[in-house]
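*Asks:* Straight out of TrEMBL:
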- 146-166: region 'Disordered' (REGION)
- 172-251: domain 'RRM' (DOMAIN)
């Protein structure tokens, strides 16, 4: 259920949609300002208390959403929770597969996190804790992207996942996410056909049932090749877009051994 109208900037997340629309109408000048009293909403007392600090803003970030995902899909994914607002993240007017979801109360964040790595359609979705400033920053970016402008330089800045990828150190290993469950090593090698790879350099991660999890690791000849291969990030393999992340040997070995352990036991 989506709420539209007023919003309190405190413990609850009710009626966020209209507030976001006001921000969009006003432009990115909202930076650094807290919503005024006109957004106050009288909510019933929550079943929890915070003694010395205000309750956290009830927002989570989702990653790996299908490109045709809608607000209704997100609401069904979080069935039983109060969905106040869903903000889909775009870059250069293209959906990135990420979104922010504002919930009714802080307590619901823990329930939302239980949906981490569960499927929406044929894709599994990652769910992370987020913060108020990250959500506001995403709104500002959507406004700037729609208007063809940039947010103010002196605004509080949160590093995006794309920037994190660009600044990450390359060790020659990439993690692949969002693979079709039917994809084999040959398919992955074809995906990276511009690079010299052997089957031994491709590692498909298994889930607790011993089946492909949708993730894999690829060892390139050197760090320069893995950095160049990042140009394939969010390109499609079959009908699914593939996300690429710089990785390292410890992460790869842990994921592979975890899959083998689950398969054996």
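A Cβ is built for glycine as well, from the same backbone N, Cα and C atoms used for every other residue.
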*Asks:* Suppose you look only at the domain 'RRM' (172-251); what would the mean pLDDT be?
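*Replies:* That region's mean pLDDT is 92.
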*Asks:* May I have the DSSP-based helix, strand and coil counts for the residues of the domain 'RRM' (172-251)?
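*Replies:* The domain 'RRM' (172-251) comes out at 23 helix, 29 strand, 28 coil.
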